[in-house]
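One structure is given here, and the rest of the page talks about it.
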Amino acid sequence: MNGFSLREDTAVGTSVYTLKGHDPEGTDVSFTVSGDYLSVDRGSGVVTLLHALDTETTPYIEAIITVTDERVYGIEANTVPIRRQIPILDVNDNPPLYHNTPYTFTVIESASPGATLYSQVKVTDADAGGNAEVKLECINEETPKACEKFEVREARVSEGEYVGIISLRQLLDYETQTHYNIAIRAHDSGRETSLSATTTVMVEVLDVQDQPPIFLNAPFTATVREASPPGTKVVDVAARDGDLGEPRPLTLTLEGDDAGYFTLGHTTTDNNNNNNNNKGVLSTTILTSNITLDRENPIILNNGGLYTFYIRAQEEDGESAVSQVTVVVTDVDDQRPVFSHDHIHVQVPEDIADGTPLPGLNLVVSDGDVGSNAAFTLALEDIFASDGTFSIFPEAAVGRTPVVVKVARADRLDFENTEASNFIFKVVASENGTPVASAVVNVTVTDANDNSPVFPQSSYRFSVSEGVRPGQLVATILASDADSGVFGELRYSLKGFGAEKFGVDETLGKIYVADCGSDSDCLDYERQRTYSLTYSAVDGGGKVTSVNIFLAVGDENDNPPVFTHREYRRTVDEGAAIFDPPLFVKATDVDGDSQGGGKVFYSLQEGNTEDEAFFMEPVSGQLTIQRPLTHMDTPSATYALTVRATDAGEPSQHTDVGVFVTVGRDTNRPPRFRQRKYKAQVAEDAMPGAEVVHIEATDPDGEDDKLTYILTSGARDNFIINATTGTVTLATGAALDRDLTPMYQVVVAAVDNGEQTRQTSTTTITVQVQDVNNKPPKFDQESYVQYVSERVPVGEVVVNVRASDPDLDSNLNYQLTSPVMARDKTGVTLHPSSPYDYMEAFSINETSGDVYVSGGLDHNEAAVIILTITVTDTNAHINFTHQNDTVEVTLYIQAFSAQDPIFGPPWTPSRPQLEVEVKEEQDPGTVVFSVAARDPVTGQPVRRYEKVPSSDPDDLFSVSPITGQVTVNARLDYEASQTKTSSLQVLAVAGERSSQASVTVNIIDINDNSPIFTQDEYHTRLAEDARFPKSVLQVMATDEDTGVRGEVRYSLGGEGALLFVINDTNGEILVARGAQLDRESSPIISLEVTAHDTPQGGVTQRKTTVIVEIELVDVNDESPSWRGGGNTVVVVAENTGVGVPVATLHATDPDLGLNGLVRYQLPEPQGQLQGLFSLDGESGVLSVKDALNGKGRTEPYELTARAVDQGTPQQYSETTLRILIGDVSANDGVPTFIRPQPNQGASVLENSKIGTAVFQVKAEDPDDPNTPNGKIVYSFLDDGASNDVFQIDATTGLISTAGALDRESRSQYTVVVVAQDLGRPPQLTSRLITINITDTDDNPPVFTRITGDEALEVEVEEEAAVGTIVAHIAAQDSDSGHNALIDYTITYGNDAGLFSINRTSDNQGIIQVKNRIDREQVDSVTLTVLCGKLGRRMPSRMEYDPANPAMMQVVVRVGDLDDNKPTFERSEVTAGVRVDAALQTEVLTLKAVDKDPTAHTIRYEMHNISFSHFKDTVELLPDEEVNADGTLLLEGTTGTLRTNAPLTRYAHGTFTVYVTATSAPPPASPAVAKVTIYVLRDSDLMRFVFGLTPGEVRRQLDHFRREVEEALPVTASLNIYDTAYYSNADGAIDFTTTGSCFQLEGRNLHDTKLLLDAQQNPDLDKVFNRFTVRKVERCVPRRASTGADWVEVWVLVIAAFIGIGGGVSAITVCCLYSRYRRRLDHHQRHLRLLESPPSVLPPGSIVMLPQAAGGPMGPPPPPPHHLHHLGPPPGHPGHPPPASMLSSEPPRTYEWQERGLPLDNVSYRSGQR
C-alpha cells in the first residue's frame, strides 16, 4: 500500500484497495487490518471503508496489515505484518466563515478615493491548500451603487484566515445618499467545486459643510397681466442650505428688477427636525409692486413680452446662490391697426393669370398689440368697377401683415376696353366686425404680349438637290401673330445641326442655300442626306414658336468611282494562262440609289494586245488571261493596261487605273510542290518497301524530272524517299510502334538543277501510324494471393485479376487454365481424381476478371488452391496470334471456426469485407483508420495483425502489428486515381487461428487544388466611352476538385476594381454601372481577378489571382482645359483703341489627334460686352473690337470665351474673363439683368421639395459693387406672391420653391423680379419670368370605374380566329406626355393563355384571342386586367382587388357553336340478360352526351343486330333460324334497350348491336357504340354477398365495379345484373345482407373463382373489405346429392313413369307439329310470327346496314344521315357492321358455364317454338 491515500469524501462501504499476497509453498493466504476505519476480506483481500473520513480532524489513518499462510505438515502458520500510515486527502467541503458579524462603520463625505475605510471583516476556511484560498468581492448584482463607490479586497493572515479590507473608489455626497449596504461574497478556490458565503456591511455617510444654498422650485416662471394691481401674487420661492446635516440660516433678495415692478412678501423658516430634507427651508412670495406693469415698455416689448430678473439666497457667513425669475407679461387690447399707405397706385398687365398678386403693391398693416389682441380682418370694398375682380390675402391677420391683393377674374382685365382698364377699391381693416382703418388702391391695366406666333403647319418637308448654287431659294414659311404693333412684328431664324448650310431672311421668312465659303458644293448627299432643323418665329414681345423642317438632299452623280489601289501589279510565269491567285480590280461609288446605287462597270481602255490576251469581266472586275503570256510581247516584259471604272449615274462618271502585268523570264526560282502539306497513313506492321505517299513538285524555270527529293528531318530512319520520283516508302528495319510514336512529321526538300545556285523548297508530310493489334496483354501483378473463408457463399467474388493491353481494339478474355493445383491442410498435393472436386471450386468472369466461388469450400479438404488464369486478346491480328499472358492466383482457404478472430461489423466470416473512407493528401505516416478484431476464445482484442503483401502492390498502407492502426506510406491523390479507391487485406492472428479482412479504401476528395486560369495574363482594348453593361472580356479558370470544392467563383480587385464588375459564375467582366473611364488619367487599367473555389467559404477555400490589363482607346471625351483654371483678369483703359490686343488665352486638350486640337471663339450673347471684343480662333488673342467709351466702372465685366476641340463629337469648355473698365460716374448706373434674358423662362418639376432651386437671377450695376450704389438686392414685385409657391433670396437672387407644386392643378406661374441697388436715390429694374411646371410621373393610371362596379362583360364566339378583338378598355393617367403612356397586362384568370392584351397608340388596351377557344372546355373567363406605366415592370400574377383602381375585371362569355358530335360514355358496352327475362325487360340504358349546350336532343338508333352461339354450345340453332330481328327494342329518346321477344332460343349466345347517337340533322356525324349482350342462365352467373342493404349497395355499385376491375390482374369487365336481399340455401331471406349476381367478361379468364379469391389478391381484399363483401358464390348453387329413403325412391319411380309418358306424348306432338310447320312453310315461305304478346309492336328503330359485295364484313358504315334510307337487301335478314365497328376478338367464354351438361331438350325446343 505504498503511496496509497484516501479522499475524505470517500463513501462508507466503498472498496478502496485489494491486498495481494502469495505463499512460496503454494498455500492460500489470509489478510487482516487493524484500526476503526478499515476492514478487509480475509480471503480476497478487498479493503473496505468503515467510517466517514474528515481530514480537518483526522489527517491520516494508522493501520497494521497482516498476511498469514496455512499450516503445512503441522508447522504453525506464518504471519507477516506491515504498518502503513494512510493520508486523508482534503476535499473542498467547508465554505468560508465570517466572524464578528454584523459589520458597520461611518465615513465622512469628504473622504478621499483610495482611502482604506474598514478592515474588521474576518473570514476563515477550514479546508487546506487551494481549497482554503479565499477571495473577497463586492456583489454588484445586489448592491450596484455600493460596489460603484467602494472596493472590497482580501488580505491573507495565514492559511485559511483572511481579513476583508474596504476602501473608497469614488467621492461620496451626503446630500445624494447618506447610507450604503455593501453585499460581500467570499469564495474559496476549490478545483472541483468552489464554495462561497456572503455577508453585508452597513456604511453611514457623515455630512460636511460644502454645499451652497439650493432653490427648491427653481427656475421661476410666472404669467402676469399688464396693469395688475399692487400686491398681486407672482410666484412662490423656497430655498434651503445645500448641506442637510447642519443647515445655516438664509437671506433672500431681488436683483436686476430695474423697473421696480416686483417685491418680496413675508418670509418663513421651517425648522422641523422630523423631515431632514425640509429642515431649514426658507419660503416667501414674489408680489407686484406699486409701479404699474406696462407691456409696451420697450424693455418688455423688444424682449417679446418677457421680463427677467434674479433672486439671491445668501448663507450666514457662507456661500450664496442666484436663480432667474422670468415673468411673461400678457397683453391687453389697447392698439389699433395702421396701414403703411393711405393711397397706392399699381399697374398690372392684361395677360396676368388668375391668382397672381398685384405687382408693386407694397402695402403693410400693423397692430401694436400681441396675440388675439392684435387680431383683425381684411376685406376689399369696391369703389369703381372692382367688385369680384380681386381678392385679398390674408382675410384675417395678427400683428404686422403685408397685404396681398390677387387677381380673381383675369378675364375682366382688358387694356383695349376702357371700362375694364381701370379699377379702384379700398382695403379695410376691422376689429370685431368694426372697420378701424383703410387704404385706397388704384389699379391700371397695361397692354401685354398675350399672343404667340402661329404657323399654318406643325412641320414642313422640302427637298433640294445637292448641286444647287448658294442663294438658291428653298422655301418661304410665314407665321402670323394676333398682337398688334411691335408685339405683332415677327423675325425668323433657323437652328439645328447643319443650319449653317442654309440662310433665312429674318423678316420675309425665305429659306435659301447658304454660301459655304471655300466649299463649292455646300450640300453633299453623300455626307448628309437629310437635315432636321428648327424654324422659329419670335414676336416683338419675345414670344417664340418653333416648327420642325425636314430637308431632303437630292442626289446627283457628282462622284466618280474610286479604286481601292492607285495601281495594280502582278508578276506571272512565262506561258502563264491564268492569274494565281485571280486578279481583281475594285472601285466604289458613293452616289446614292438614284444615281446607280454604287454600281460600277469595268472595261479595258488601253494596253491590251491585238489578239486580246486579256479580258476584263465588266461586273466583277476580274482580269483574266485568254492565251499564254510571253515576255516577247512587250519590250520590257510588262503589259501596261489601263482599266476604266464607270458608274451608272446620269451623266456617268469614270476613273482610270493602271494594271501592270510582268512576265517572268528564265530565272532560277525555287521548285513548287503540288500541295502545301501532305497527309499519309501507314500500318504499324507494314512491310519494308511499302509505299507511304507520293509527293510531286514542279520547277518553274527548269525540267521537273531533274528535281531531287531529300528527307531532311522527322523520318527517324523509318522512312526513305526515292530521290527521283518522290515516292516515300518504309525503310528496311523500320520499327513502327503506334504506342510509342503515333505520328511522324517528315520534312521533304525538293532541289532543282540550277546552273549557278540550286534552289530548294520544303513541304511537310504528316504520317499517322495505324494501330495493329500486335501486343499481348499483360497482367497488372506478377501473382495474386487471397485468403478466403470456407464459409464464403457460392457466387461471391474473392479476387479480381486485371490485365492491360496497349492495342486500341483489344478484347480481353479471361479463362481458368491448367494447371490448377490444391493442397490439403497437411501440405499434401491433391489429385484431380480426389473425392473433393477442387477444380470446380472457383470460376472466373471472362470479361471482368472477377474470380468467384462456384463450389463448396472446405479447409479440411483443400487448404490451398492455386489457379492458373490466362488472358487472351481475341482481336489479335492474324500475323500476331497467341497474344496471351498467364498469372498464378493462390487462394488460402481458411477454416471457419467460432474461435477464429472476429473483425468488427460489417465484416462477417461469409463476407469478410470492410469499407473505410480516407481523405486524400494526408502526410505519410498518418494514421488514417484502424482495423480491430476480437478473439472469441478469450474475449480480448487481437494483438497481432499482418498485411497481405500482395494485396497492396503499391505499398500505400502499413498496418501496425499490435494495434491494427493503418497508416499511409505515400500520398493519396483523389484526382489522379481512376477508381477513387484502393484496397488491402489484413490478417488478424490469435495463436494458430487467424481471420482475413479485405479492406476497401474510398479516397475522399479534399480541397487541395487551386483554380487555374487558362492564361497567365489577360490583355484587351476598350474604348474609354464604354458604359454599363459593355462586356470587356471573359476569364476562365478550372479546378480539378469535385463538388462544391471544384466550383469556381470570380471576384475583382486592383486599382480599377470599382470601374468594372465581374459575373461571379462565368467570369465575364463588364463595365460597372455608373463607371466613367478616362484614358487621359489612366491609359492602362490593371485589374486583379481572383478565382476561388468553395463558394460558401471556409478555411479550406483556395484562390488564384491573375492580372487583367485593359488598354483604353481614346475617344473625344475630354473638353479643353484653360491654363490657370481660366481665372483671368484683364484691365482695359476706357479709351483703348479698336484692334488693340488686351490678352492671350490658352487652353489644352489631353485627347489625341484632332480630338486634342483646340480652337477659340466668343459665344453669343455676351450681355453688356456684346460686340466690344474679338477673339482670334487659332492664337487665342483677345482684342478690342468696338469703342469702350462710357463703359468704365470699378466692378469688372464678365466675358465668356470658349475653347472647342476638333474631334467628333466636338467638346468645348468655357471660361469667364473679368474685364475691368474704369468707373467715372456717381449712382447713375441702372442695374441690368444678365439673366433671365427677355422672354427667357424657367421650369421646375412638380412635387419638388420645398427649397428646390428653380432659377437664379443675376443683375449687374455699373457702379462700384463695394459701395451702396453698386450693391443689388432682389425681390418679387408681388412680395413673393403666386400663392406663396416661390421665394427669392435677396442677396443671391436664387428663386426656390416655397410650397407644393402640382402641374395638374396649375402648369405655369408668372413672377416679376426686381433688382434694386442701395444707392440714394436707388436705381432698380424688373424682369418678367415665366415658370413652367414640368410634369413628373406622380399619377398612376386608373380605370374610370366606381368601387363595387360589376365587371365588364363581353362575348366571343368559340373557335374565333387568333387575333380576333374581344374588347377595348381604357385607363386614364393625369400626367402628360411620356409620363401618361399606359400599358396593360392580364394578371389573373388567363392560366390557359386564351387571351392577350396589347396597347394601342391612343393609350387603349385591346383584348384579343391568343389561342383556340373551345366552349366545351371553358364557357367563360374572368380576366383581371392591370394598368400601369409603359415600360415599368408589372406583376405577372395578381388577384383582383376591388379597392385597387388600377385593376378591372373583364368577363368573357364564350358563345357556343354546334361543333361537337355526341359521344357515348363507353364506346363498347357489355351487358347480360337472363334467358327467362320477360318482354320489355330493360337490358341497359345507353348514355351519350353532347358538349354543345345548344345542340338538339340526342336521338338513338339501332343498327346491324346479329346473334352468335358460343363455340362449345352443345346444340346450335339452324342458320336460317338465327335471326335477331325484333328481339331487342331501342327507345330513340332515352337510349333504353329492352327485350322484345322471348330469349329461350338464344340461350348460351350473344347479341351484337350497333347503336348510333345524333344531335344534329344530316349530314352531322353520329357517335357509334358497340353493344354486346350475353343471354345467360342463372347458373352462368356468380354472386357477390354484401353486408349492406340493397339500397346501400346500389348507391355504391359504380364505385365497386370500377375498383374491382382495377384490382384484377387481367383486363375484364364486371357486369352486375340485379341487387336484392340475399336468400339463404333454405330460401330464408337475410335482411342484413344483399346478393348481386354478376358476370365477369374478358380474355384469359381461366379460373374465375381463383381470380376473385381475395386471399390471393391484397388489392382485391382491400376492395372487398371496403364494400363489406362477405363472399363470392354462384348465383344458383349446385344441388348436392343426398341419401333418400324408400318414400322418396317410390316418388322418383312414379315421377319417372310420368316423365316417360310425358316424353312420348311430347315426341308425338312435336312430330305432328313439325309436319304442320313444314307444310305451312311451303305455302307461306316469307311469313314470320312475332313471339310476343299482341300488344308488343315490331321495333321501328331497327335499320339494317347492307351487305358489301366485296367481303363478308361489308363496307364501312354509311354516313349517319344515310342510315334512315338503307334497309337490308332481299334475302338478308341482317349482317354485321363494318370491320371498323367490330372487334377482332373471338367470342369469349366463361369458366362457370356448365359446358358438359346436356340441355333440357323439352324446355330447349319449347323455348324455340
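Glycine is no exception: its Cβ is also placed from the backbone N, Cα and C atoms.
Among the features that TrEMBL reports, domain 'Cadherin' is placed at 4-98 (among others).
Mean pLDDT for the domain 'Cadherin' (216-339) in the predicted structure: 83. Per TrEMBL, domain 'Cadherin' is recorded for 216-339 (among others).
The feature domain 'Cadherin' is assigned by TrEMBL to 340-455 (among others).
Taken from TrEMBL, the feature domain 'Cadherin' applies to 456-563 (among others). Secondary structure of the domain 'Cadherin' (456-563) per DSSP (helix as H, G, I; strand as E, B; remaining residues coil): 7 helix, 46 strand, 55 coil.
For the domain 'Cadherin' (564-673), DSSP puts the residue distribution at 6 helix, 46 strand, 58 coil. For 564-673 (among others), the entry in TrEMBL reads domain 'Cadherin'.
Here TrEMBL flags 674-779 (among others) as domain 'Cadherin'. When DSSP labels each residue, the domain 'Cadherin' (674-779) comes out as 3 helix, 48 strand, 55 coil, counted as helix, strand and coil in that order.
The domain 'Cadherin' annotation in TrEMBL covers 780-903 (among others).
Residue counts of the domain 'Cadherin' (910-1013) by helix, strand and coil are 3 helix, 48 strand, 53 coil (DSSP-based). According to TrEMBL, the domain 'Cadherin' annotation covers 910-1013 (among others).
Taken from TrEMBL, the feature domain 'Cadherin' applies to 1132-1233 (among others).
Annotation source TrEMBL lists domain 'Cadherin' at 1236-1343 (among others).
Annotation source TrEMBL lists domain 'Cadherin' at 1348-1464 (among others).
The domain 'Cadherin' feature in TrEMBL is assigned to 1465-1586 (among others).
According to TrEMBL, the feature transmembrane segment maps to 1689-1713.
Per TrEMBL, the feature region 'Disordered' maps to 1740-1809.
According to TrEMBL, the feature compositional bias 'Pro residues' maps to 1767-1779.
With a cut-off of 8 Å on Cβ pairs spaced 6 or more residues apart, the domain 'Cadherin' (456-563) and the domain 'Cadherin' (1236-1343) reach 3 or more such pairs and are scored as touching. Under DSSP, residues within the domain 'Cadherin' (1132-1233) fall into helix, strand and coil as 7 helix, 42 strand, 53 coil. DSSP places the residues of the domain 'Cadherin' (216-339) in helix, strand and coil in these numbers: 8 helix, 57 strand, 59 coil. Broken down by DSSP into helix, strand and coil, the domain 'Cadherin' (340-455) contains 10 helix, 60 strand, 46 coil. Shown for the domain 'Cadherin' (1236-1343): DSSP residue counts in helix, strand and coil, namely 0 helix, 47 strand, 61 coil.
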